[in-house]
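According to TrEMBL, the features are:
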DOMAIN    12-396  domain 'Major facilitator superfamily (MFS) profile'
TRANSMEM  12-31  transmembrane segment
TRANSMEM  51-70  transmembrane segment
TRANSMEM  82-99  transmembrane segment
TRANSMEM  105-123  transmembrane segment
TRANSMEM  135-160  transmembrane segment
TRANSMEM  166-189  transmembrane segment
TRANSMEM  210-232  transmembrane segment
TRANSMEM  244-269  transmembrane segment
TRANSMEM  281-299  transmembrane segment
TRANSMEM  305-328  transmembrane segment
TRANSMEM  348-364  transmembrane segment
TRANSMEM  370-391  transmembrane segment
């Protein structure tokens, strides 16, 4: 009997790690698969560039609205049940988005945003609670997992849609598969959880206190502006490269390459962050790569410059995102505080990020050039450094 219980516990522990990884696999493909074929979707449904940008921005709006609510749902229903709910919503959203109507396209996109928001917010709190001594390592694992599938989705969209002749609908729908696998894993975790989740009581005073923390606001701004850069890049980078004379298929693969080249940063940055009390040095290093990369896109049109810029941007985006995720746990003392900081930072941060693809698409529509949009991205990269210097200080929320 004792051995049976121990085996059940070991299976649960293994599947919890696998469950975290499979959730990470699901957090980006449904969004990164859109960028390389956004022109095809736009032309197929008669959308403007601004409306097409909404395909990326709408999930971010859902992130912003849902993020403060998710910690309370996790507290009331357990993290496992709420994570399962998020994956179910994600699966439904991907499925109906793939149908060829404007209404279902945007309705499905909204559900995708809600599902991802749930999983996004819960993961830092789950890691802080379940693995308090291994926050950096677990964050490295799941941020790297995110990067792998994000890059894969970007690279496969055009081959599926055009190379195989299956259309943009199938290219988007295939990413329902990892969501379905995730549902199966988390159904098991919900049913077989051998221990009772620690219950946190989210009192209104504590909720209000996080919104009054200057450090929390700096973390939120760092999260938001780096997300602004990421979602603009995955939405419009293929179109930028295509305007420079690169084929749309090659541009899609370059976007995939951008994300694959960032995988070492996704893994190493959280580990390095865990070795230092202050993360300001990492902020400066990532900022240098980011500013240099977008400046290269602005000033150079040769293929060599495009490749070097892509490498710099990929390394910067992946490293900065991984650092932002790490700070959600490192700037908190407990799992409760990490969940509160995650909800607040992602809510406010994604409000900023949501405007990115729409604003950049609008600027291109108005100017018919990528110069002003790229200057805007360089400016935002500098803002990321500014807030990162504050968020990277050796302090904790609620200790101010």
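If you go along the chain as it appears here, the first residue is 1 and each next one adds 1.
Yeah, the Cβs are placed from backbone N, Cα and C, and that goes for glycine too.
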Which residues of the chain, 6 or more past the ends of the transmembrane segment (210-232), have a CB below 8 A from one of its CBs?
31, 56-57, 60, 290, 317, 320-321, 324, 327-328, 331, 337, 340-341, 344-353, 355-357, 360, 373, 377, 380-381, 383-384, 387-388, 390-391, 393, 395-398, 400
With CB pairs under 8 Å as the measure, which of the listed stretches 12-31, 82-99, 105-123, 281-299, 305-328 comes out on top against the transmembrane segment (244-269)?
305-328
Lying 6 or more residues past either end of the transmembrane segment (51-70) yet within Cβ distance under 8 Å of it, the residues of that chain are 30-31, 34-35, 38-39, 41-42, 82, 105-106, 109-110, 112-114, 116-118, 120-122, 227, 231, 234-236, 342-344, 346-351, 353-362
Go through the chain and flag residues at least 6 beyond the ends of the transmembrane segment (281-299) whose CB is under 8 A from any CB in it; none is fine as an answer.
229, 240, 265, 269, 272-273, 305-306, 308-313, 315-317, 319-320, 323, 370-371, 374-375, 377-378, 381-382, 384-385, 388-389, 391-392
Which stretch from 82-99, 105-123, 135-160, 370-391 shares the most C-beta pairs under 8 Å with the transmembrane segment (12-31)?
135-160
How about the transmembrane segment (82-99) with the transmembrane segment (166-189) - do they touch, taking at least 3 C-beta pairs under 8 Å (6 or more apart in sequence) as contact?
yes
